[in-house]
Ligand code: HDD
Ligand code: HEM
Ligand code: HEM
């Protein structure tokens, strides 16, 4: 394996790992805050237990998110020193603000996790909310940094001398892509986490359909995930229009759109052949791509034939990833629609096995869409690390043997992923033993007192 | 120039706080290396539970300030010292997750608890060792950015007597800091005694390894001693640190919590301060006798200006919140975790 490929794979693997924990870190505090708020309002113990049970799981995710994030901030230098030397002073602004957001998040998390019964309840509740708000803030900031790589602004570049001058870090942070990307990312975090959590509880409900704890958990998660899943395609459309203007090569790769044409069709499915520029087995909806990209069925859409050969991104990977994201997104939106419909008109459906299976099967789809979406963004930007300015191969570290650090990262993170899943399983196993409200069935009286004393955790 | 000073101060401040707070947290793993008791493990878990995520943020902030404010330095460190930094990261991953898993595992069976504990302890050792090695390598002067072969480019800069002995010095110092901090975290006399004994041992170890560092510097051709006595301020710092030593031993023996913490903190500040004074304005010594200097490696003014403002505004938010966290959990760690 070449060093450049190894470095790219290591970066992709590390980010792909971190993003899952980041999504949970952004969305989960809000789910907990909803449950916690309902507890404070109603005194119903099921919500308190839910909030506590979730926060235990979240603590494990946070720790893993924090270490994998720390690894990333070093990896930027370890793998792309040439990039960081030039880009650091330009796009570092959001990272420096992110430091503050992380700090507040870590502090608020400490207060939230350890504050039960120690600090006034509204301060406690707010600290949970602050965890979520600062998580979202850090998500927006880091995506702004990534957006700069897609639409570099805030400096002048002289290709002859390879110098960067007139640096304006604020303009770089508010680059043209930051808003659409950040919006889409935050929604993605809520969709992915909402459906992942709802799916797990739905799965547990299949065995015990009347269990109130899991019922309430699934509802809160579906509410949050469902709203986000509805907004996701709208925001995705805004992103696509943006990409059409800012990175036509990426759009062409996403759509395997080899030939520039008017009334360009939207491709669904299909296997692109990069050698011949043909697509097999796909369905084309005439004019729709022109419409989605430019808001006009007739408008010409630039194809890969207009892009110099050495500046074309890999087509197949980008196209497949895009299909996976859109497919998953469409599916989740339909599940969300079904949920809201049933909630309003057919409440009994919500306890039906088929519905529960549908939600359970959606568990991984949101996270899958997140991974696919990032593959679109990152692979679709290739061969550039800074779009149009610096090539990825110019940025890579001169140190040989990167494949060994890549293998190490793969082994370590795979091990961690297995361990985290195992720990989650153990959390679920002990629910009944730790939380009295786990015995409640849906039709029991609402305000049953919590009799079992809480299990005090030993270190 | 003003913003350069602001940014540099924040860099030094975050490194210092990382050494003091994060160091104590890393050291808490190291002191359990040779022996530990279930009670001590519990105290350690409680003491660092609510704050460890906040502690390690100082490192992330230092990294961000380096790549935004001093990009050339960041580039050289992450290239020439790629290997030790990567190993440091592995240590951070393992100890951080092992600690959290140990703490939050829903089923606390002996077998898995023991596994987490082992990983936590060894991960802490690797991390402290390689933090020290990295900083040692920056000051030794074997970094050669134009090296053509793997050994001179990526191994020789850090795989040497001096850097490794600085690694052990950092380990001992962090362990010492942790022990001093933990003395006051519990009222149980047995546990207090345990940490007092640890503090003594690791302080002795730090002094002994400190001597080895000077020998190593001599062997590896770094005129550390001459440099230390070349600036009056660093002479004062070293002299103060030495004078403090006997008092420090005594206060620890007597279990005077606050005084011992203050003096241990002062000791660390003096050692780091002396190291800094010797080196300023050099950040990295190169093998050709030259150096990468902080001022010359600084980012353009516009960047330093926004970075300085971001840091100053950020600290307005962070410091009060951090203060509240420490006040809430001061002295008595949480009995009931979630
Ligand atoms: C739950 C996750 C999820 C779902 C359901 C979708 N996306 Fe997405 N998408 C992401 C998660 C995501 C992402 C991982 O968050 C990305 C990567 C970079 C970014 O800003 O968001 C992304 C990127 C991304 C981009 C590239 C943006 C860029 O490079 O700036 C486009 C054009 C779309 N998406 C379009 C869509 C459309 C039309 C969807 C319709 C259903 C859709 N996405 C659903
Ligand atoms: C789109 C990509 C990313 C998103 C949305 C994101 C978002 C987040 C969020 C929400 C958190 C806090 C939640 C948690 O700790 O689990 C987090 C943690 C962290 N992230 Fe990321 N991140 C991304 C990529 C990166 C990158 C590229 C870096 C480094 C350059 C990074 C560095 C960190 C660090 C250092 C932490 C730990 C913070 C702590 O200790 O609390 N992240 N990230
Ligand atoms: C967390 C979500 C992200 C994921 C899953 C992700 C995914 C990827 C992938 C798949 C690649 C490899 C591209 C290729 O080999 O063709 C890559 C490269 C890279 N990404 Fe991202 N990315 C994410 C966010 C970010 C962010 C927030 C930053 C920085 C601010 C970033 C910086 C980089 C860099 C520097 C490279 C290497 C250079 C390149 O291939 O262009 N990424 N990432």
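Using N, Cα and C of the backbone, Cβ positions are placed for all residues, glycine too.
Lifted from TrEMBL, the feature list:
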TRANSMEM  A:12-37  transmembrane segment
TRANSMEM  A:58-80  transmembrane segment
TRANSMEM  A:100-117  transmembrane segment
TRANSMEM  A:129-149  transmembrane segment
TRANSMEM  A:182-205  transmembrane segment
TRANSMEM  A:217-235  transmembrane segment
TRANSMEM  A:320-342  transmembrane segment
TRANSMEM  A:354-374  transmembrane segment
TRANSMEM  A:404-424  transmembrane segment
Per Cβ pairs under 8 Å, the stretch of A:12-37, A:100-117, A:320-342, A:354-374, A:404-424 packing most closely against the transmembrane segment (A:58-80):
A:12-37
Output the single range from A:12-37, A:100-117, A:182-205, A:320-342, A:404-424 maximising the number of Cβ pairs under 8 Å to the transmembrane segment (A:354-374).
A:182-205
May I ask whether the transmembrane segment (A:12-37) has at least three C-beta pairs under 8 Å with the transmembrane segment (A:404-424), counting pairs 6 or more apart in sequence?
yes
Assess whether the transmembrane segment (A:129-149) lies in contact with the transmembrane segment (A:12-37), where contact requires at least three Cβ pairs under 8 Å among residues 6 or more apart in sequence.
yes
